[in-house]
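Enquirer: Below is one structure. I have some questions about it.
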Amino acid sequence: MFFPIPMQVETEARQPTVPTANLVLIALNVLFYFLVPLESMMTGPGMSLMTILTYGFAHGSFFHLLFNMWYLWVVGNPVNRRIGNFYYTATYLGTIVLIGILARCLGGSFLYGSSGAVFAVLATATLLLPVKRVEVHYLALFPLTILIGLLRLPRYGLQWFIRWDHASMPVLLFSLLFLVLELLGFLIWFLQGQIHVTSLGHLTGFVCGITAVLLLPERITIPQKAAMT
């Protein structure tokens with residue numbers, strides 16, 4: 001088991017703008033969690049077509065909400081500042097709708113949560129901010145602690161079996177860790193003859209984020225060179 005929690009992403013050198021779209025989306029997720037029943041928002045068999053959007057603002061528990069919103073706060077703010085409110089909102093909502101349509105086409109299970117959109121934001125950060133440093137706190141359990149210990153010796157013997165630590169790494173490496181974990185999870189279910197809709201939604205979200213970056217105008221994807229003086 002490996003559970004990474006990002007704490008802060010390195011910011012741009014210039015004065016940052018307010019990530020308005022991300023703040024509004026986080027606020028909407030929180031409001032919907034407390035004000036609207038989950039059963040009326042999740043998408044799945046027999047649910048209205050509108051739920052291919054509303055499911056992305058529904059969460060099954062407070063910790064589900066907290067986990068997604070924390071990742072959205074840490075990773076989403078710098079992405080929102082980089083691509084602007086319009087493209088950020090379009091990427092977020094577009095990903096939710098596409099995953100919702102995919103889930104409805106597969107049928108047989110209900111889907112809720114903003115995780116797919118969070119993965120799209122993570123993919124966007126991977127391509128646009130690959131070398132920015134992200135501070136990560138992580139919990140690792142045996143046997144992954146052995147691999148981590150070989151890379152970075154533990155301070156205490158117990159950390160060979162359970163380890164709570166922190167590290168600084170590029171956004172690219174952080175994203176690849178998440179992607180590998182999701183691929184492994186999806187593969188385990190697939191080898192058992194099942195398609196895990198949640199893992200598929202996460203992977204689809206990552207692909208949507210990559211696609212969104214490819215569709216962005218060059219003035220956003222290519223950093224502007226500093227003016228010559």
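Cβ coordinates are placed from backbone N, Cα and C, and glycine is handled just like the others.
Note that this is a predicted model, so its numbers are computed, not measured.
For reference, TrEMBL lists these features for the protein:
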- 20-38: transmembrane segment (TRANSMEM)
- 49-216: domain 'Peptidase S54 rhomboid' (DOMAIN)
- 50-73: transmembrane segment (TRANSMEM)
- 85-103: transmembrane segment (TRANSMEM)
- 110-131: transmembrane segment (TRANSMEM)
- 137-158: transmembrane segment (TRANSMEM)
- 170-191: transmembrane segment (TRANSMEM)
- 197-216: transmembrane segment (TRANSMEM)
Enquirer: Average the per-residue pLDDT over the domain 'Peptidase S54 rhomboid' (49-216) and send me the rounded value.
Expert: 87
Enquirer: Is the transmembrane segment (170-191) packed against any residues at least 6 beyond its ends, judged by a Cβ distance under 8 Å, and which are they?
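Expert: Sequence-remote neighbours of the transmembrane segment (170-191) are 2, 4, 6, 9, 75, 119, 122-123, 125-126, 129-134, 136, 199-200, 202-203, 206.
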Enquirer: The transmembrane segment (85-103) and the transmembrane segment (197-216): do they have three or more Cβ pairs under 8 Å, with pairs 6 or more apart in sequence?
Expert: yes
Enquirer: Mind checking which residues reach the transmembrane segment (50-73)? Cβ under 8 Å, same chain, six or more beyond either end.
Expert: 5-6, 22, 25-26, 28-30, 32-33, 36, 38, 40-44, 93, 96-97, 99-101, 103-104, 111-118, 121-122
Enquirer: Quick test of the contact rule: Cβ under 8 Å, at least six residues beyond the ends. What residues does that give for the transmembrane segment (20-38)?
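Expert: Same-chain contacts beyond the ends: 54, 57-60, 62, 65, 68-69, 72-73, 76-77, 79-80, 85-86, 88-89, 92, 112, 114.
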